[in-house]
Structures are given as C-alpha cells and as structure tokens.
Amino acid sequence: MAFDTWLIFVVTVFFVSATPGPNMLLAMSHGIRFGLRGALPTMAGLLLALGLIMGGSAAGLGALLATSEQLFSFVKYAGAAYLVWLGYQAWRAPVSERMDSDSDDDSVAAVSNWQRFRTGFLVAMSNPKAFVFFAALFPQFMRADAPQMPQLVVLAGTFYVIESSWQVVYAFGGAKLKHWITSPLRQRMMNRFAGGSFMAAGVALSTVSRA
C-alpha cells in the first residue's frame with residue numbers, strides 16, 4: 001500500500017469517525033453517567049464489535065448483507081428496535097440531587113462492567129450498514145496485486161487507532177460535561193437529549209437501504 005493511499009484512508013476515517021452517531025453518542029452518554037474510566041468497558045464493547053464487523057466484511061458477510069434483502073432487513077429492524085429501547089431507557093433514567101465523585105462511584109456500581117461492555121457491543125453491532133460500509137471502503141484502498149492480509153491489518157489497525165481516539169474524546173467530553181450537570185433539571189434535560197437522540201438514530205436506521 002502506497003503511503004499517499006494510506007494518508008487518504010486516514011483522512012477519510014478521521015472524519016467518518018468524528019461524525020456523531022450511535023457509537024460516539026453512547027461513549028459521550030456513558031462518559032456523563034460513569035466518567036471516563038467508567039466508560040472504558042463501553043468503548044471496549046464498541047471496539048470489539050467493530051473488529052468483528054471488519055472481520056465479517058472481509059469474510060464476505062458485508063457482500064451477503066448487500067445482496068440479501070431479508071437478512072439486511074432483519075438486522076436493520078432488530079438494531080433499530082434496540083436503539084429505540086436504549087433511548088427509552090435513557091429518557092426515563094433517574095436523576096440525583098447531587099452529582100459528585102460519590103455519585104460517580106454509585107453509578108458505576110449500579111451498572112456493572114459487563115453491562116456497559118454488552119451495551120457498547122450491541123450498539124455497534126446493531127447497524128447492518130456498517131458491514132456494507134467496510135466491505136465497500138477497504139477495497140478502495142487495497143492493491144489487488146499485493147497480499148491482502150497485510151493490507152487488511154494496516155487498514156484495520158489504523159481504523160482502530162482513530163476510532164478509539166474519537167471515542168475517548170467523546171467520553172472525556174461527557175465526563176467534563178457532567179460537572180456542569182449538577183441540578184436535577186439539567187440532568188433530566190441531558191437524559192431527554194440522549195434518549196431522544198438514540199430513538200432518532202433507531203428511527204433513522206429503520207429507513208436505511210442497502211445501497
């Protein structure tokens with residue numbers, strides 16, 4: 001892979017990852033609720049799912065989803081329903097009278113590492129368009145006359161570094177924002193914003209097509 005081709009890939013992924021979507025919204029939401037350290041299991045779940053999606057796309061699952069209307073629709077509507085349910089949970093999330101380091105500890109204790117990891121994993125896996133995206137993206141930057149695996153490793157590793165960096169930025173921003181959300185009213189406003197955003201993402205996902 002030529003260096004200039006790799007740079008184009010870096011720029012492309014940088015802006016794609018930076019765009020707010022369900023993954024970044026979840027990282028920010030959990031940064032607000034659990035702090036940066038508490039959001040790490042969430043980010044681990046997101047990244048594991050993305051790794052499986054990249055692997056599945058390389059193995060041909062992305063092409064299968066692109067050609068099978070039934071399979072694509074099943075994954076799409078299941079993912080949309082999960083995002084709407086997640087939004088409903090965020091909308092109805094309880095608020096506390098104070099938000100400090102003690103309340104951070106209480107929030108983390110109330111939701112286990114496994115639960116946060118699972119949520120991140122399911123959110124990232126909920127979008128069938130991601131499989132099609134990777135199946136279409138990677139070949140654009142790969143040479144057909146060169147070994148495929150080393151190129152896939154470079155592209156996937158680059159994506160991981162950029163994606164994880166943006167997740168940390170969003171989670172860190174959420175953790176800092178938490179210090180501003182000290183009143184029950186502001187907490188409720190943020191719950192409504194996060195919940196509404198997840199539900200909107202679910203509705204939007206239900207309308208996407210394979211093309």
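Any Cβ shown, glycine's included, is placed from N, Cα and C.
TrEMBL labels come from automatic prediction, so no person has curated them.
Not measured: the values here are computed from a predicted model.
As annotated by TrEMBL, transmembrane segment applies to 6-27, 39-65, 71-91, 121-141, 153-172, 193-209.
Ranked by Cβ pairs under 8 Å to the transmembrane segment (39-65), the stretches 6-27, 121-141, 153-172 are led by 121-141. Residues 39, 42-43, 46, 50, 83, 119-120, 123-124, 126-127, 137, 141, 154-155, 158-159, 162-163, 166-168, 170-171, 174, 194, 197-198, 201 of the same chain sit 6 or more residues outside the transmembrane segment (6-27) yet have a Cβ under 8 Å from a Cβ within it. Counting only same-chain residues 6+ beyond the ends of the transmembrane segment (153-172), those with a CB under 8 A from a CB of the stretch are 1, 6, 9-10, 13-14, 17-18, 23-25, 27-28, 30-31, 36, 39, 42-43, 46-47, 50-51, 54, 138, 141-142.
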